[in-house]
């Protein structure tokens with residue numbers, strides 16, 4: 001990756017603690033934002049990671065294969081690991097050492113003016129960053145070190161930075177322009193994408209056609225090809241992670257989030273259940289998977305682009321998982337009879353239950369429907385599809401708002417305890433958590449969360465997919 005500046009306030013690197021290997025369970029409806037992936041033995045290096053797949057990269061160690069076969073239909077979000085959250089004294093004072101080079105004195109505010117907030121997540125906030133010299137507008141994601149409670153959290157940030165630094169300059173990949181570290185936070189300066197989310201633009205434009213869906217699907221496939229060519233598995237492809245670079249009609253669509261991505265080597269198998277439920281491949285739920293999961297997720301995005309709803313859905317995460325594992329793909333109901341056979345052919349290939357039968361990203365791009373994307377039907381897919389996309393996008397935004405309530409109104413300790421006990425709140429074991437169960441669980445940890453915020457969380461968790 002060219003012309004990237006990595007800066008910090010230190011130049012020496014202490015030994016990095018070895019993280020635990022178990023993940024934490026998110027509240028229902030949330031993405032698993034922090035997989036527990038051990039760093040490789042290369043993390044002590046002071047050199048920028050090599051872009052060659054599998055060579056000298058701070059990726060995960062080989063995972064042990066499961067020794068018992070669980071019934072996949074009994075899947076639930078992975079239980080939280082108390083051991084990995086037991087210590088609050090993990091040092092995050094040298095997060096970027098050994099990952100990228102540092103400048104000993106330069107701070108992010110020396111070069112950039114940090115302006116209005118653009119977005120907020122569980123671990124940090126993104127602000128508008130303006131270059132003081134050139135006036136170029138960028139985005140700065142700041143991750144407070146107080147949020148990095150464990151070695152797992154530190155390793156995840158290190159890995160995200162290493163991955164973004166190693167990816168090529170590609171029109172569809174957001175570029176990391178600089179990384180800074182001070183006593184309080186890690187700051188990642190990257191390209192600004194202020195043109196809105198993929199689905200929002202589709203809804204706003206009004207007229208939506210199969211040709212437009214093909215153009216978006218091609219960009220997603222190009223992202224997968226670029227990542228896999230550089231030994232990176234994304235693991236969290238979903239429409240919300242694609243933003244337009246600007247507001248013009250011809251603005252580039254870009255992938256923006258690599259927080260769950262990992263380096264992989266050919267033949268390496270992964271076991272962590274991470275990602276967003278609707279987009280998870282069946283082998284993720286079975287805890288043995290490789291880069292083919294990105295093809296599946298891209299296929300789910302394509303399916304939604306064409307008909308407005310996910311191919312596998314239910315009102316609970318467990319229900320979604322069971323639907324994915326059954327694999328009953330519906331290409332019969334509206335609007336599928338009006339969609340071209342070429343589009344349906346590609347959907348079937350990408351959503352093959354057997355990962356070995358799925359095409360590679362290159363083969364997806366070589367599919368006749370994408371090769372002739374500009375000749376795809378330009379007939380509107382109809383108001384029903386647009387309305388579904390609008391409702392699906394609104395549901396996801398509502399759940400994000402609910403998760404923001406947690407981040408803003410609860411302490412770090414309360415969030416961790418609630419995550420650990422969330423599965424236990426479902427006292428009647430019906431796969432749902434009632435408002436009374438949620439209140440009781442929060443009272444046990446002494447939470448001061450007001451009832452309106454509790455009701456917001458409940459409403460978010462009960463939002464269903466448009467039919």
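Every residue, even glycine, has its Cβ placed from backbone N, Cα and C.
TrEMBL does not curate its annotations; it predicts them automatically.
According to TrEMBL, the protein carries these features:
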BINDING   141  ATP binding site
COMPBIAS  39-59  compositional bias 'Low complexity'
COMPBIAS  76-86  compositional bias 'Low complexity'
DOMAIN    112-370  domain 'Protein kinase'
REGION    1-86  region 'Disordered'
Averaged over the domain 'Protein kinase' (112-370), what pLDDT does the prediction give? 93
If you count Cβ atoms within 10 Å of the Cβ of residue 141 (ATP binding site), leaving out that atom itself, what do you get? 25
When DSSP states are folded down to helix, strand and coil, where does the residue listed as 'ATP binding site' land? strand
